[in-house]
Amino acid sequence: MDKGLQLTICVVITLLLLRESSQAGEENDPEMLPASTSGLGADSRGTAEGLPTLTVTTILEDPYVMVRGAELEGYCMDLLRALAGMLRFQYRVKVVGDGQYGAVSAGGNWTGMIGEVLRKEADIAVAPLTVTSAREEVVSFTTPFLQTGIGILLRKDTVSQEMSFFHFLSPFSKETWTGVLFAYLLTCFCLFLVARLSPCEWNEPKNEENHFTFLNSLWFGAGALALQGVTPRPQALSVRVIAVVWWLFTLALLAAYIANFTALLSSGSEQLPIQTFEDLVKQRNLEFGTLEGSSTFYFFKNSKNPIHQMIYEYMEKRREHVLVKTYQEAVQRVMDSNYAFIGESISQDLAAARHCNLIRAPEVIGARGFGIATTQASPWTKPLSIAVLKLRELGDLDYLRNKWWESSCLRRSRDRWSPLEPPALGGLFLALGVGLALGILAAVAELSNSSRHVAGHAKKSCCSVFIEEICTRLRLKGSARPSQETSGKANA
């Protein structure tokens, strides 16, 4: 019995130990880590034992890392949380002491987040840190988690283009205006021609005056363009067909013009004279600069492009005045003064989404990416790169991009105005052409019917009478029409 009792006690103790071990394993699971509070200087995540803890350096920049109450949040914080869950590590976040990204100082030492990684003050740097060759020589970078470039951030009212004297012509392109002029002249000529050919409009060419002279036809077409009724009024069906088609054409044309002209006036501030970096160099109204010690500054310094060299020389000569310390300072300066900020295009897109009076110029140069920096001998470089690739393949990076770059204002620049080209009005011109053709055919039919009656009374060939009528109405012959005189005598 004593041995059985001892065996029972051992089994119970073993089961209790196994249960405690299972509960401890659940507490150590990183998916179950409680979110701890964080202050302005640091953010610690996880208290599990047995998992490696990484010190992460970052920089405060909207929307990558921001202070919200007692915690840090933003794109990089969400990215860091996802990486920790995949690779099973704890982390402690600290904001970089000097507020710099990382550049070589005058003494040859690295500043900013790169310097902290090199001095082993931090294990990794998770921030909008651009991958450059100079930084790659001293630290290692993971696969970029964001792609970007160098753009120009402007305030709309400082770069609005002055309206020219002929600004009212801008809603249509030159080709469209040429087509409208040709359609107007062709329609007026068809009115003049059909009014002469139609016997219902001009019954007695010898004795009657034709009101649809070419000048009157031009006046009739112009009146329709102004939505005004003018004389002479058409009487023949053929002339009315052409008039109705022209009226419909002018209604659609005026609607397109008014709509495009309204859009032009409402978006006039977005017609940027500064489209490229070359335009920025040539103008004299705006100062321009970038972040001091940033990769953008060194991009222009090392570039062999003449335009880029001119930008670098300008910023170097006015270093104390045009270079800014932080991204927030740059955005505020663009909003408050005649200043253009040269920096990461993806950050400028965010500024333009948050501040509706800002806009980014179209040109983007120097394609680059944001990566996570580690020491060159760090065992975390490859696992972090693989984890970033997995997040991209799963669509998590796109989700974070859309989450933190959501616009807070309506962006008319997404639907930029552009002059209407001829293809946009192609159907309108086609309908006008068909209407003109129908009008001419109706006039020929009316004249043929009249010629057939005259030929029956005069006992002449219908074709000869038809040709005589055309020649008389088009003033191709000066003689009077013997056919009508014969017809008159026969009737008498």
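The backbone N, Cα and C atoms fix where each Cβ goes, and this holds for glycine too.
Just so you know, TrEMBL annotations never went through curation; they're auto-generated.
The region 'Disordered' annotation in TrEMBL covers 26-48. Summarising the annotation, TrEMBL assigns domain 'Ionotropic glutamate receptor L-glutamate and glycine-binding' to 63-119. As annotated by TrEMBL, transmembrane segment applies to 177-199, 211-231, 237-259, 424-445. Per TrEMBL, site 'Interaction with the cone snail toxin Con-ikot-ikot' is recorded for K301, K390.
Same-chain residues lying 6 or more positions outside the transmembrane segment (177-199) and placing a CB less than 8 Å from one of its CB atoms are 169, 205, 210-214, 217-218, 220-222, 225, 234, 236-239, 242-243, 246, 249, 253, 422, 425, 429, 432, 436, 439-440, 442-444, 446-447, 450, 469-470, 473-474. The distance from the Cα of K390 (site 'Interaction with the cone snail toxin Con-ikot-ikot') to the Cα of K301 (site 'Interaction with the cone snail toxin Con-ikot-ikot') comes to 36 Å. Annotation for K301 (site 'Interaction with the cone snail toxin Con-ikot-ikot'): same-chain Cβ neighbours under 8 Å, separated by at least 6 residues, are Y312, E316. Here the Cβ of K390 (site 'Interaction with the cone snail toxin Con-ikot-ikot') has 14 other Cβ atoms within 10 Å, regardless of which shown protein chain they belong to. Mean model confidence of the domain 'Ionotropic glutamate receptor L-glutamate and glycine-binding' (63-119) amounts to 90 (pLDDT, 0 to 100 scale). In the domain 'Ionotropic glutamate receptor L-glutamate and glycine-binding' (63-119), helix, strand and coil residues by DSSP number 20 helix, 15 strand, 22 coil.
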